[in-house]
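Over in Swiss-Prot, the protein carries these features:
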DISULFID  22-28  disulfide bond
DISULFID  23-36  disulfide bond
MOD_RES   36  cysteine amide
């Protein structure tokens with residue numbers, strides 16, 4: 001198997017978890033418009 005694909009998948013799922021947690025936190029969301037979509 002390709003270790004790079006596994007690492008990329010792990011990183012993507014970590015980012016999803018970060019985004020979910022961060023974007024529900026207004027101060028974090030404001031500081032990370034690139035992952036939270038900005039707009040507010």
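Glycine residues also receive a Cβ, built from the backbone N, Cα and C atoms like all the rest.
For residue 23 (disulfide bond), the Cβ neighbour count at a 10 Å cut-off comes to 16, with all displayed protein chains included. Put plainly, the disulfide-bonded residues 22, 28 were compared by Cβ crowding within 10 Å, and the winner is 22. When Cβ atoms from all protein chains are considered, those within 10 Å of residue 36 (disulfide bond) total 19, not counting its own.
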